[in-house]
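Novice: One structure is given below, represented as structure tokens, and several questions about it will come after.
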Amino acid sequence: MTFRHCVAVDLGASSGRVMLARYDSKHRTLTLREIHRFVNCLQKTDGFDTWDIDSLEKDIRLGLKKVCNEGILIDSIGIDTWGVDYVLLDKQGQRVGLPVSYRDNRTTGIMPQALVQIGKSEIYRRSGIQFLPFNTIYQLRALTKQQPELTAQVAHALLMPDYFSYRLTGEMNWEYTNATTTQLVNINTDDWDDTLLAWTGAKKSWFGRPSHPGNVIGDWICPQGNRIPVVAVASHDTASAVIASPLANKHSAYLSSGTWSLMGFESKKPYTTDEALAANITNEGGAEGRYRVLKNIMGLWLLQRVLKERRITDLPALIAQTEALPACRFLINPNDDRFINPDDMHAEIQAACRETDQPVPVSDAELARCIFDSLALLYADILHELANLRGEKFTQLHIVGGGCQNALLNQLCADACGIRVMAGPVEASTLGNIGIQLMTLDELNNIDDFRQVVSANYDLTTYIPNPDSEIARHVAQFQPKRQTKELCA
């Protein structure tokens, strides 16, 4: 068959999309077309910050039906989402409790309990995953301690992409790359860790053994009656984004830039040394036995909140105004946990500047300048940490995802990091999702083969570092700004 049509459902923490890919195996051309885009946002339900998963499912089905109604024969479907969040089901497959978001404050104070009762080094030795207060391990502990009446009703716990695949197919699956984000998967066995799971109060029977990307979960029956296979892709959106990152060689790092920024490198081995633990490095699972050695950075969430609070709709105009301002007048640590979900983001940023005896950003452009400069400096700091960890410097950084469209931030990143930045592709998570589907359909051999297709079909923009820039001169001075309460233990 010359042409393949695959559908990627890509859900981020702020938006979702259903994308149609058309692959010409003869000419190795790959095109994407957006079928349906929709908003994903938090809502308050019974005092909890929750996801409207019924609305998300409705939009997923709407997007799939739109493709089918065009008369296109879909070869496969794949779903990727953000990590750590889950849905509980009873024996009949009905939901138990609420789909609570990782940004909810129910996990406050939970992680320190684990550090005392299990031990930080022991948790890291078992999982190899960074300590973030909203990891699934702490969410489940919060659930079983705060709402014990729910646990007796639970028969299954599905992570978000597995839940939506279940809703389409009726079949349950626990995909490996996303499962590793829970901090509950043993890094040596690739299965759920008995000790860590027992501490949460959840039952191991709620989970099936994690499966690696590339298996067919089941079929979705389209309105026309055709059975379409739903493939378990690398269902953590960052895992999919990394698959589509055209990394040139082992000296290339990546930055998946969106609501979250995830910076790291690809490795055939995990890094679980004392040095890695001290730096709060994570070893998330990838496809083909690869590890995503990375760190989470709060990312454009700060900007998204400021845009919403101040009703800013013209982002290009804001960026143009921001670029005209002098650099590094206002600096914060974007990974300070005060920025996870404050009532008022711009007020929180202003307070952080005030508390460190800096000028206070007031205008929209000043707030954006603060965010962009601070992110770029944090990127440089973390890239240095990652290079020290592996014992080799990086020569190139690939920025993928929606954030790679921000030319100002890309240049600031290049200047601060002191290396060449390659920006693109924008829809990296979608492309990585499609890549696994094409491999499952035997159209491509492996990830390296797929990256060649991406490189041939998607243009990248190059940013050359300017060592004389203002932000480059501030790199060494940024360290004191990081002495804050970070997203770690």
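Just so it is clear, glycine is given a Cβ too, placed from its N, Cα and C backbone atoms.
Got these off Swiss-Prot a minute ago, pasting:
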BINDING   Ala13, Ser14, Ser15, Gly16, Arg17, Thr259, Gln304, Gly402  ATP binding site
DISULFID  Cys68-Cys222  disulfide bond
BINDING   Gly83, His236, Asp237, Thr238, Asn296  substrate binding site
ACT_SITE  Asp237  active site, proton acceptor
DISULFID  Cys353-Cys370  disulfide bond
DISULFID  Cys413-Cys417  disulfide bond
Novice: From the recorded positions Ser14, Ser15, Thr259, Cys370, pick the residue whose C-alpha lies nearest to the C-alpha of Thr238 (substrate binding site).
Specialist: Thr259
Novice: For Gly83 (substrate binding site), write down the residues of its own chain that are at least 6 apart in sequence and whose Cβ falls under 8 Å from its Cβ; none is a fine answer.
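Specialist: In sequence order, Leu159, Asn178, Thr181, Thr182, His236, Asp237, Thr238 meet the Cβ cut-off.
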Novice: Determine the minimum-neighbour residue: among Arg17, His236, listed as binding-site residues, which Cβ has the fewest other Cβ atoms within 10 angstroms?
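Specialist: Taking Arg17, His236 as the binding-site residues, the minimal 10 Å Cβ count falls on Arg17.
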Novice: Whole-number Å distance between the CA of Ser15 (ATP binding site) and the CA of Cys353 (disulfide bond)?
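Specialist: Counting only the Cα atoms, the answer is 30 Å.
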Novice: Looking at the recorded positions Asn296, Cys353, Cys413, whose Cα is closest in space to that of Ser14 (ATP binding site)?
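Specialist: Sorting the recorded positions by distance from Ser14 (ATP binding site), the top entry is Asn296.
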Novice: Got a sec? Which of these binding-site residues, Ser14, Thr238, Thr259, has the most Cβ atoms within 10 Å?
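Specialist: Compared across Ser14, Thr238, Thr259, the most Cβ atoms within 10 Å surround Thr238.
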Novice: Please report the distance from the Cα of Gly16 (ATP binding site) to the Cα of Cys68 (disulfide bond), rounded to the nearest angstrom.
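Specialist: Checking the Cα atoms of Gly16 (ATP binding site) and Cys68 (disulfide bond) gives a distance of 19 Å.
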Novice: So which recorded positions out of Cys68, Asn296, Cys370, Cys413, Cys417 end up within 10 angstroms of Gly402 (ATP binding site), measuring C-alpha to C-alpha?
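Specialist: Within 10 Å Cα-Cα: none.
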Novice: I'd like the number of other C-beta atoms within 10 A of the C-beta of Asp237 (substrate binding site), please.
Specialist: 32
Novice: Please list, in sequence order, every residue of the chain apart from Gly83, His236, Asp237, Thr238, Asn296 whose Cβ lies within 8 Å of the Cβ centroid of the substrate site.
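Specialist: Going along the sequence, the neighbours come out as Trp82, Asn178, Thr181, Ala239, Ser256, Trp260, Leu262, Glu284.
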Novice: Given Cys413 (disulfide bond) and Cys68 (disulfide bond), what distance in Å do their CA atoms have, once rounded to a whole number?
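Specialist: Cys413 (disulfide bond) to Cys68 (disulfide bond), Cα-Cα distance: 42 Å.
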Novice: Could you state the CA-to-CA distance between Ala13 (ATP binding site) and Asn296 (substrate binding site) to the nearest Å?
Specialist: 14
Novice: Quick one: of the binding-site residues Arg17, Thr259, Asn296, Gln304, which has its CA closest to the CA of Cys222 (disulfide bond)?
Specialist: Arg17
Novice: Please tell me which one of the recorded positions listed here (Thr259, Gln304, Cys370, Cys417) sits closest to Asn296 (substrate binding site), measuring Cα to Cα?
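Specialist: Nearest candidate: Thr259.
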